[in-house]
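Colleague: From TrEMBL, for reference:
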DOMAIN    B:30-111  domain 'Cytochrome c'
BINDING   B:43, B:46, B:47, B:88  heme c 1 binding site
DOMAIN    B:121-209  domain 'Cytochrome c'
BINDING   B:142, B:145, B:146, B:186  heme c 2 binding site
């Protein structure tokens with residue numbers, strides 16, 4: 001067994017790894033080795049056409065989503081794979097109302113899969129989140145497992161609530177325009193990929209609804225854009241507040 | 001500068017490809033006793049088995065109690081050129097690929113200890129960032145991956161008790177893109193921290209003890 005001396009002269013030059021040695025040994029292996037060292041920046045989030053595109057179809061079938069949905073989910077692996085999410089969405093999946101990190105615990109697995117795939121493929125812009133859910137970080141199977149794990153968690157009830165001043169108006173609007181898809185109790189619809197909205201953080205509901213109304217959330221359902229196109233900020237806030245207070249224990 | 005023949009590189013890459021055909025479990029079932037013999041000859045002069053013995057080389061990590069799977073991966077990455085260190089590359093000449101799991105098992109079996117906090121005034125900021133991150137900058141809590149006590153897991157390294165100068169140096173390398181063998185996660189994290197943040201978190205993780213490394217088996 002050799003033992004390298006610590007003297008300067010015997011020290012291998014770290015730069016030798018990033019030096020282009022390929023002209024002397026034109027091997028693809030060496031080239032790959034060298035490229036692995038000089039790549040410095042993680043790839044940015046890709047961009048896929050969304051609601052701004054004339055031929056946009058909401059929830060159009062795509063290969064990765066179909067594979068994730070078909071995967072027989074393993075919530076135990078999901079808990080392990082969830083580690084990269086936990087730094088923001090918290091160990092109990094409660095997210096943070098003060099930071100616009102949505103509550104994920106108890107959300108439908110289909111919804112979580114769709115949203116993760118949309119961020120991975122760039123239909124939903126989220127450069128903050130993308131580096132942690134990119135395909136080189138979590139596999140398609142991990143996506144499905146994380147979703148199954150989160151769906152199995154109890155829904156925390158200490159989510160951020162709104163000011164509580166326009167709840168009656170919020171209820172009227174919700175039942176008139178939203179409940180047909182998101183359900184009478186805000187329970188959503190797993191089969192239709194409609195998220196559970198009851199008990200979500202007020203701040204997140206408010207922000208995302210405004211973004212959807214203003215066509216800034218590019219993976220939005222055009223039906224929802226239409227449904228709330230005429231809403232004022234105050235009306236969106238009222239509905240968000242109402243939903244943040246809907247009980248989730250029966251769900 | 002010493003002239004390097006490309007042949008060792010080619011051999012290393014071929015070796016890497018050959019090794020990658022072996023299941024990870026087979027590679028990481030190490031024997032700590034075999035590992036100790038090897039480590040005594042190759043590793044411990046810099047990576048002391050007792051965390052209280054400082055390394056003669058600055059910015060050298062404490063390995064005692066580190067997860068076996070992580071150590072095996074780092075050794076393979078050094079060998080394959082996916083992680084660079086002028087010093088480590090030389091010492092790897094003294095190791096065979098089949099030694100990696102044994103050496104890793106040896107260090108994983110050693111009791112971890114608390115590190116040395118060099119600036120206690122930064123501990124509070126470090127704790128806040130470590131446990132809560134910084135939502136405005138999209139900085140996740142370090143605890144999410146590395147555990148509330150810095151204990152790490154099968155997937156992420158233990159940070160508890162790590163040397164401040166090593167942690168700071170690695171974060172610098174992530175930020176500059178000199179270290180990239182982590183799927184880009186830590187590069188993103190480093191980009192979202194400033195120097196003060198990094199120093200503070202390094203102080204805080206040095207202060208952590210972490211629970212015992214119950215996981216010494218394969219990843």
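From the backbone N, Cα and C atoms, a Cβ is placed for every residue, glycine too.
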Colleague: Just to be sure I understand, if DSSP states are collapsed into helix, strand and coil, how many residues of the domain 'Cytochrome c' (B:121-209) fall in each?
Modeller: 52 helix, 2 strand, 35 coil
Colleague: Greatest CA-CA distance (Å) over the residues B:142, B:145, B:146, B:186 that the record ties to heme c 2?
Modeller: 12
Colleague: Between the Cα atoms of residue B:47 (heme c 1 binding site) and residue B:186 (heme c 2 binding site), what distance do you get, rounded to the nearest Å?
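Modeller: The separation of the Cα atoms works out to 23 Å.
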Colleague: Applying an 8 Å Cβ threshold (strictly under) against chain A, tell me which of the binding-site residues B:43, B:88, B:142, B:145 fall inside, in sequence order.
Modeller: B:142, B:145
Colleague: Between the Cα atoms of residue B:46 (heme c 1 binding site) and residue B:146 (heme c 2 binding site), find the distance and write it as a whole number of Å.
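Modeller: About 25 Å separate the Cα atoms of these two residues.
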Colleague: Test of understanding: give the count of other CB atoms lying within 10 angstroms of the CB of residue B:142 (heme c 2 binding site).
Modeller: 24
Colleague: For residue B:146 (heme c 2 binding site), which residues in the same chain are close in space, meaning a Cβ under 8 Å from its Cβ, but six or more apart along the sequence?
Modeller: B:152, B:153, B:156, B:157, B:158, B:159, B:205
Colleague: Provide the three-state secondary structure of residue B:43 (heme c 1 binding site) computed with DSSP.
Modeller: coil
Colleague: Does residue B:186 (heme c 2 binding site) have same-chain partners at least 6 apart in sequence with Cβ under 8 Å from its own Cβ, and which are they?
Modeller: B:170, B:171, B:174, B:179
Colleague: Near residue B:47 (heme c 1 binding site), how many other Cβ atoms are within 10 Å of its Cβ?
Modeller: 22
Colleague: Please identify, from the binding-site residues B:46, B:145, the residue with the sparsest Cβ neighbourhood, meaning fewest other Cβ atoms within 10 angstroms.
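Modeller: Ranked by other Cβ atoms within 10 Å, the binding-site residues B:46, B:145 bottom out at B:46.
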Colleague: Cβ distance under 8 Å to residue B:88 (heme c 1 binding site), same chain, sequence separation 6 or more: which residues?
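Modeller: Residue B:88 (heme c 1 binding site) has long-range Cβ partners B:78.
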Colleague: To the nearest whole angstrom, state the Cα distance for the pair residue B:142 (heme c 2 binding site) and residue B:43 (heme c 1 binding site).
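Modeller: Roughly 29 Å, rounded to the nearest whole number.
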Colleague: I'm trying to understand the geometry here, so how far is the Cα atom of residue B:145 (heme c 2 binding site) from the Cα atom of residue B:43 (heme c 1 binding site), in Å to the nearest whole number?
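Modeller: One finds 28 Å between the Cα atoms of these residues.
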Colleague: List the helix, strand and coil residue totals of the domain 'Cytochrome c' (B:30-111) as derived from DSSP.
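Modeller: Once the DSSP states are binned, the domain 'Cytochrome c' (B:30-111) shows 44 helix, 0 strand, 38 coil.
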Colleague: Name them in sequence order: residues not among B:43, B:46, B:47, B:88 whose Cβ is within 8 Å of the mean position of the Cβ atoms defining the heme c 1 site.
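Modeller: After dropping the recorded site residues, what remains is B:42, B:44, B:45, B:60, B:63, B:87, B:91.
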